């Protein structure tokens, strides 16, 4: 029973102390809030500035987007045919490409370019193989063989005999001409000598 009043006194003292502490802490908090409102922190000010700048940039971006949309609307309304032309061009290109695919290239221009040695290459579609048109004087699958001319013996014999006959005739004609010239000269000289002898005889008779 004697312990009860001491315990009660201690509890009362603890309550009073706690009340004092809580009151002081509340006053400090009020002072801090008052000081914050009168002198704001620079960090809070910088955050406010950043928020304002961010809001301004968002507005600029929105304005640019709206301007781009207006330009697109104007172009679509003013030039509706400009967008239709590329599709036509693409359609024409596709047609050209389709035509080019239908044509097959000649294999003689690439694959069998050097197939024919002395001739012209020609690809046969039915046989699916190349063939050669040889130049004159060549033969073979690839025009690789040289064909030598075959002489006809009868033709050569006739040719040589004709040449021999012509040579004999020409030589005989030449001989006849030479003999005729010699005979003509001899007869002419003989007549000249006779005339000289007659003149000499006449001169001698006149002198007597």
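Backbone N, Cα and C atoms are what each Cβ position is placed from, and that goes for glycine too.
The stretch that Swiss-Prot tags with region 'Disordered', taken from the ranges 34-55, 56-77, is 34-55. Swiss-Prot assigns the feature transmembrane segment to one of the listed ranges (161-184, 185-208), namely 161-184. Your range for region 'Disordered', going by Swiss-Prot and the list 81-104, 105-128, is 81-104. Sequence-distant neighbours of the transmembrane segment (161-184) (same chain, 6+ residues past either end, Cβ-Cβ under 8 Å): none.
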